[in-house]
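Before any comments, here is the structure.
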Amino acid sequence: MWMIPGQNQSWVSEFILIGFSSDPTTNSILFIVFLLMYLSSVLGNGLIIMLVCLDTQLHTPMYFFLCTISLLDMGYVTTTMPQMLVHLLAHSQTISFAGCWLQMYVFGALGMTECTFFVVMAYDQYVAICYPLRYTVILNWGLCIRLAGGSWICGLFSSLLHTFFTMSLPYCGPNRINHYFCEGPSVRSLACMDTHVIEMVDFVLSVFVVVIPISLIVASYIGIAMAILKIKSNQGRCKAFSTCASHLTVVTFFYAPASYIYMRPNSSYSPERDKQISLFYNVFTALLNPVVYSLRNKDIKRAFLKVMGHGRLAW
């Protein structure tokens, strides 16, 4: 459990993830609930990726972005939930220091990439509604690749900074993390030194990957709202507003809890509340995204029926 690098200093070599409950019955119920949520998230997002890849009519910028967000959601939820499911039934809830480092980095990289990618999704909506005739000209494949690549680079680099500064802190004990995975603020609260500087680093990173993207998303949807109000058909306006409202619901579920977790001081850290809040941007958005962005979409439904029809013919 302990590594001793010097005569007067020691640090932990593993952490214990406390999770949600120590009661076996409660953990069994939570296991079933979270297993169903995890499988629904993976199957829903996996179905979208498969349909976009198989149907050539979905090889457009919009569905390329939808496929990317589904891939991010699958990776995002898989980084934390399989381990949480094992810990709900296992007697041991330990994770090595290196494993914690890796989980924090991958989770952060996918989460921060999704933060910036929501801006890309909002821009896609803006161009589609405000400039429908020039949509494919403005969002050409070169720009799409650059937008997606830029989001990934931003996420990977930002998470590297966050994880490096957090895991470079000395952890002398205790080693019990009151969370279901290695999230930065929860791990940082165990450090045996003042973390004010690291908190400032996280705050600056949050401004770049949370505040600025939110501002750009709001600006995009203001432009979208103004364009929708110019639509003469009441049915067309209602349909456009309904689509935008559902997209904004997902964005709110993701950004609001993430902002709370990463942009407040360590002094206001509340383990039990934070565990519940993190479920919103870790689990619930991965469940919502397939429904909001794609499964309500007529093109996705058509592609699904087409694939199912070919499957029946093959049999």
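Numbers here mean position along the shown chain, with the first residue as 1.
Cβ atoms here come from the backbone N, Cα and C positions, even for glycine.
Lifted from TrEMBL, the feature list:
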{"type": "DOMAIN", "residues": "44-293", "note": "domain 'G-protein coupled receptors family 1 profile'"}
{"type": "TRANSMEM", "residues": "29-54", "note": "transmembrane segment"}
{"type": "TRANSMEM", "residues": "61-81", "note": "transmembrane segment"}
{"type": "TRANSMEM", "residues": "101-123", "note": "transmembrane segment"}
{"type": "TRANSMEM", "residues": "135-161", "note": "transmembrane segment"}
{"type": "TRANSMEM", "residues": "203-228", "note": "transmembrane segment"}
{"type": "TRANSMEM", "residues": "240-258", "note": "transmembrane segment"}
{"type": "TRANSMEM", "residues": "278-295", "note": "transmembrane segment"}
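Long-range contacts of the transmembrane segment (61-81) within the same chain: residues 34, 37-38, 41-42, 45-46, 48-49, 52-53, 103, 106-107, 110-111, 113-114, 117, 120-121, 124, 128, 135-136, 139-141, 144, 148, 180-181, 282-283, 285-286, 289-290, 293-294, 299, each at least 6 residues beyond the stretch ends and with a Cβ under 8 Å from a Cβ of the stretch.
If you look at the transmembrane segment (29-54), the same-chain residues 6 or more away from its ends with a CB under 8 A from one of its CBs are 20-21, 63-64, 66-67, 70-71, 73-74, 77-78, 81-82, 84-85, 88-89, 283, 286-287, 289-291, 293-295, 300, 303-304, 307. For the domain 'G-protein coupled receptors family 1 profile' (44-293), the model's average pLDDT works out to 87.
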